[in-house]
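Some features that TrEMBL has for this protein:
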type	residues	note
TRANSMEM	23-42	transmembrane segment
TRANSMEM	54-75	transmembrane segment
BINDING	Lys117, Glu118, Asp147	UDP-alpha-D-glucose binding site
ACT_SITE	Asp147	active site
BINDING	Lys286, Asp310	Mn(2+) binding site
ACT_SITE	Asp455	active site
TRANSMEM	526-545	transmembrane segment
TRANSMEM	656-675	transmembrane segment
TRANSMEM	687-709	transmembrane segment
TRANSMEM	721-741	transmembrane segment
Amino acid sequence: MRGKSSGTEIPPLNTTEPIRRTALNRVFAVVYTCAIFALLYHRVETLTIRSRNPLVLVVSFCLLLSDVILALMWATTQAFRMRPIHRREFPGNLQKVVRPREFPALDVFICTADPYKEPPLSVVNTALSVMAYDYPTEKLSVYVSDDGGSALTFFAFMEAAKFAAHWLPFCRKFNLMERNPRAYFSSSSSTSTHACCSEIKMMYESMKVKVEHVVESGKVGDENITGDREREAFSKWTDDFTRHEHPTVIQVLLETSKDRDITGHFMPNLVYVSREKSKTSPHRFKAGALNVLLRVSAIMTNAPMVLTLDCDMSSNDPQTPLRVLCYISDPATRPNLSFVQFPQRFRGLSKNDIYASEFKRLFLINFLGMDGLKGPNHVGTGAFFCRRSLFGSPSTLISPEIPQLHPNHVVDKDKPIHESPAMLSLAHHVAGCNYENQTKWGSKMGIRYGSLVEDYYTGYLLHCEGWRSIFCNPDRPAFYGDAPTTLVDLLNQHKRWAIGLLEVAFSRYCPITFGIRTMGLMGLAYAHYSFWPIWSIPIMVYAFLPQLALASGISIFPKISEPGFLLYLFLFLGAYGQDCLDFLLEGGTFRKWWNDQRIWLIRGLSCHLFGTLEYLLKSLGISAFGFNVTSKVVDDEQSKIYSQEMLDFGVPSPMFVTLAVAAIVNFFSFSFGFLQMICGSDDNEGLPLQMLLAGFIMLNCWPVYEAMVLRTDKGKMPTKVTIIAAFLAWTLYAAAFHISFSK
Ligand SMILES: O=c1ccn([C@@H]2O[C@H](COP(=O)(O)OP(=O)(O)O[C@H]3O[C@H](CO)[C@@H](O)[C@H](O)[C@H]3O)[C@@H](O)[C@H]2O)c(=O)[nH]1
Ligand SMILES: [Mn+2]
């Protein structure tokens, strides 16, 4: 908080406030830790008391391993609970402290990679929404990176540049809050108020039709090209131009020194960049794309502030940069500030958020916790970076190989880009696919290479270097993006994350060792994420072993009469209860929480398991993996299934199999146990906990049963998957019976 300075009151730009339940969290942590130790003691004890049944021995060992992992994961979550804070910022006070003339320039980076998974029209809407920021136009530049190297995307941007000349003054004139044209025209506010609205809406529609037509036909026909300048631009897409092999394309579509909108106002810069590709040079995915944008923008504008956005994350509030300035211009928060991170929010989520796309824990609860330490981790999109922080630690600046890329380099504004062939050719040079060889890009400079979650990895290394970040979470969401709406998309996305996180966990910067040594609690928080996927080990164990034992009539948990029974109940209810409470206190509903914990289970049974396996195969040199872009297109059938809140199994995936096996095994074991109970056999006093567990998983698997037997729509479980799963479940039972009854 800003205090008084030399007698005059400076209005506060931001405040922080600790969250009140912290003390309770700490007390609970102590109690829960004791309970964990009691449990582990009990586990070791059962292991050492010799049992004659080998199944019991194997099960006891697996349970010990699982409980150790669960305990470690629980320990890492405490990092988020020790010092959570809430922040608020006051953009209204900004003008009293800094004049707009002194605002830093802002470069916005938008990444896209595939015109068929990421419709160009959406990317264009994202770009338009930030071009219309309430920010001095001459300080604003938008750079688009197209890893798809697609003439279709380029065409869309050419059209967008023309449309922007009408759209930007329209937003200004009516001071719209919603500056993403598509969102604006589909909201009710557009239909009523403004007379000239129908005119601009028609312009938007005509752009939309043109762009969609071009995308559908797969090529930019001659009839779409007007004028020599455009023809020249498209001449880069020659016959041997493919997305994996092509030269650099850089086109300055709008330039602030020369292009004006229809009211005579200057427009922001808009630059299209598709970096050079070659099959023999490493691709580096989004990290590579962002580093190219960092260099190209350094040469053209070199703004000290950089906003990174995924192509689907459009602005929902034109004042967002001013909120960021509340931190960047405050001497109390400015030192060592690397980035201001906004949460990812998603439009069009189903009522109870069936896929847990809200990520309340990831983007809100844990962010608040980290903000009290060194700040939230970076999540790839919706982050305003101080450019300087991407060039070495706060104390030692790492100089790039050429002076034009230096964060303090001043671009000669008198010479517009279109009049400076030298500038353009240098920009092409630094976007080359071999440019980074023998440089520090990706290791010490820019976005870091080596993980499929380059955002997490880069944020982590920045924090290790001594930078901090700030979590900004205004009431009106700053950005809205698209969340996956089918199960297979969700699982593939999480599988990629799982692999990327494991890459960090087993790198030489492992958060458990390196991270905790350099940053203490903050390292622990990072460790929580890097080991995220190994949650699948205890989940797999608890979803299968007690159930197989149950069907064999073997009791592995304490009896109701034993004190251990209560210990188990406490551990289970304590963890779930605290999790649910955190969720509800941050504005969630019970139904959303239930779906959230279900998705956690499903992930453990599918993508985290498969991600871990894929990572192992890659480490052994058997296979390789790439960045599988999440589709942002939904067909009508899919969106219908989504809005009805049913899991969509429509596109078959091997990841469904383990999930289906778990569903089947829990069903049969529960039914078997239930039968035994009503038949009243004497020695099943130890089975109730196993019954409860199987029952709980069955409850979670309800949508899976529905998808296997009841549903007839396109999203039902593929029959093939059900058959394979049934066969595997049968094999598991056969093996379990064989082991336990063979003696
Ligand atoms: O080779 C590539 C691959 C992807 N992208 C872009 O990266 C962004 C994120 O891709 P997406 O498929 O949407 O992945 P998500 O899993 O939804 O993204 C999350 O996870 C990523 C790391 O795995 C982060 O980069 C993202 O910022 C974060 O939102 C998109 O704009 C893509 O166009 C590229 O530019 N080049
Ligand atoms: Mn995405």
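Each Cβ is built from the backbone N, Cα and C atoms, and glycine gets one as well.
Features as recorded by TrEMBL, highlighted on the structure.
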{"residue": "Lys117", "record": "UDP-alpha-D-glucose binding site", "DSSP (3 states)": "coil"}
{"residue": "Asp147", "record": "UDP-alpha-D-glucose binding site", "DSSP (3 states)": "coil"}
{"residue": "Lys286", "record": "Mn(2+) binding site", "DSSP (3 states)": "helix"}
{"residue": "Asp310", "record": "Mn(2+) binding site", "DSSP (3 states)": "strand"}
{"residue": "Asp455", "record": "active site", "DSSP (3 states)": "helix"}
Where, among 23-42, 526-545, 656-675, do we find the most CB pairs under 8 A to the transmembrane segment (687-709)?
656-675
State the count of C-beta atoms found within 10 angstroms of the C-beta of Lys117 (UDP-alpha-D-glucose binding site), not counting that atom itself.
16
Where ligand 2 binds, which of the recorded positions Glu118, Lys286, Asp310, Asp455 are close by, with Cβ under 6 Å?
Asp310
In the same chain, which residue numbers or ranges, 6 or more beyond the ends of the transmembrane segment (23-42), come under 8 angstroms Cβ to Cβ?
64, 67-68, 71, 74, 78, 81-82, 558, 564, 567-568, 570-571, 574-575, 578
For Lys117 (UDP-alpha-D-glucose binding site), identify the closest of the recorded positions Lys286, Asp310, Asp455, judging by Cα separation.
Asp310
Close in space, distant in sequence - Glu118 (UDP-alpha-D-glucose binding site), Cβ under 8 Å, 6 or more apart:
Thr112, Gly148, Cys311, Asp312, Val629, Lys632
Consider each pair of residues in Lys117, Glu118, Asp147, all listed by the record as binding UDP-alpha-D-glucose, and report the largest Cα separation in Å as a whole number.
12
Between Lys286 (Mn(2+) binding site) and Asp455 (active site), how many Å separate their Cα atoms?
9
Taking the recorded UDP-alpha-D-glucose site as Lys117, Glu118, Asp147, identify the other residues of that chain whose CB atom sits within 8 Å of the mean position of the site's CB atoms, giving them in sequence order.
Thr112, Ala113, Asp114, Pro115, Tyr116, Gly148, Cys311, Val629
Near Asp455 (active site), which residues of its chain come within a Cβ-Cβ distance under 8 Å, counting only those 6 or more away in sequence?
Asn377, His378, Val379, Gly380, Thr381
Using Cα coordinates, what distance in whole Å links Asp310 (Mn(2+) binding site) and Asp147 (UDP-alpha-D-glucose binding site)?
12
